[in-house]
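See below for the structure under consideration.
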Amino acid sequence: MEQLDLTPWRCPEPLIRLKLWLRQARPGQSVCIQLGDAGSRQDIPAYLRRQGHQVQTREESAARLSLLLVVARPPGTPPSPCHPPREPPFKEASMLDVLKRWYQTRFSDPDAVTLFLLLVFCFAVLWLFGDLLAPLLVALVMAYLLEWPVSRLQRGGLSRTVATSLVLLLFITVTTLMLLGLIPTLVSQGVNLAKEAPAMLAHAQDYVRTLPEKYPEIIDVSLVETIIDNIRQRILTGGEQLVSASLSSLINVVAILIYAILVPLMVFFMLKDKQVLMGGLRRFLPRNRTLVNRVWVEMNDQIINYIRGKVIEIVIVGIATYVPFALMGLRYSALLAVAVGFSVLIPYIGAAAVTVPVAMVALFQWGLTPDFAWLMVAYFVIQALDGNLLVPLLFSEAVNLHPVAIIIAVLVFGGLWGFWGVFFAIPLATLVKAVLNAWPKREDLPRPAP
């Protein structure tokens, strides 16, 4: 028979040692237990009897007690200590069982249900009323952008109202001066580019038609003609869309003026009454919102860093691109620099798309000359510095996503919500990642006390 010595000089914690042994014991297994101190001689037999085990005591001396323990069998187990109980036969789970197990694993926490319903509600509102809420989204972006200087001035001793008024007034003044100085130049260069577009297209067609003569084994004449027809059709379609967009913008000029008044007012009250608005929003949320608060705290800081960093990146990339373009005398330098600056809104895809007009304008102006080569070198150096130095510096805390995930987010959210989906693609992808990481699983939930 197996011996288990639980005397104090052999086992300082006899009850813990006994529980560990019982976990590995077989039903019906017998063991002789040696106990020494008085406490163990009273507590351990009582504990074993409460657990349903068979216990026989035999006192060998005043300092030692022997127990004969027979481990209890589960109900319905045959008295065969040599053979462990057989496991029930495997039963293949149905689809309903799989869905039920998945639901119990993912939605057994009330906080998770609250977060899920809140996300569904926000998605439905943006899906149904996204166009109507465009001014509100613009105001939110501007409020996030101006929150940092307002809070700095408030820490310096100014009231929230005074700090908000000063920051918003300075922002409107600087933005207005920049637009008044930039828009006439952009309009003039855009008109000139539209006038020269047919000549540029004809020059490109003539050059492409010479390729089959230079490389007859690689390029076919019919293929070249097909490519030229497709390009011409795309340009005509784009011109028609541009004209229709211009007419619609003239028709909606009254709405634009109304937005120009409403958006600054909304920004002012969002910044001034931030705590009041947040408190009113919390009253509509259920009490079980621990998970919602955790995700919100994480995402709020990342959205602030992202919007502020993205605006800074647009300005820096636009200015850094304009300087070499203007110094080298590239036509439409301001228009192309603005396009390059705003291309950072679409990660990876924007930089690749804006490279085509830059290369086409430079090629039409200089041809395959050293000036064209130096301009493209300067352009690619700026793109490399932006991707490898500026972006990690500005978004080290806001972006921690794989490039494939970023591209998928741009395609998905851009297809759903257009410009705003592209602009907020990275924060939305980060939100999805934060929700998946914070979502409680069944093994993470607190277990009830025995």
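Cβ coordinates come from backbone N, Cα and C, glycine included.
Taken from TrEMBL as is:
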DOMAIN    3-61  domain 'UPF0033'
TRANSMEM  133-150  transmembrane segment
TRANSMEM  162-183  transmembrane segment
TRANSMEM  250-271  transmembrane segment
TRANSMEM  311-330  transmembrane segment
TRANSMEM  336-360  transmembrane segment
TRANSMEM  372-395  transmembrane segment
TRANSMEM  401-432  transmembrane segment
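Highlighted: of the candidate stretches 133-150, 311-330, 336-360, 401-432, 311-330 has the greatest count of Cβ pairs under 8 Å to the transmembrane segment (372-395).
Among 133-150, 311-330, 336-360, 336-360 has the largest number of CB pairs under 8 A with the transmembrane segment (401-432). If you take every residue in the domain 'UPF0033' (3-61) and average the pLDDT, you get 73.
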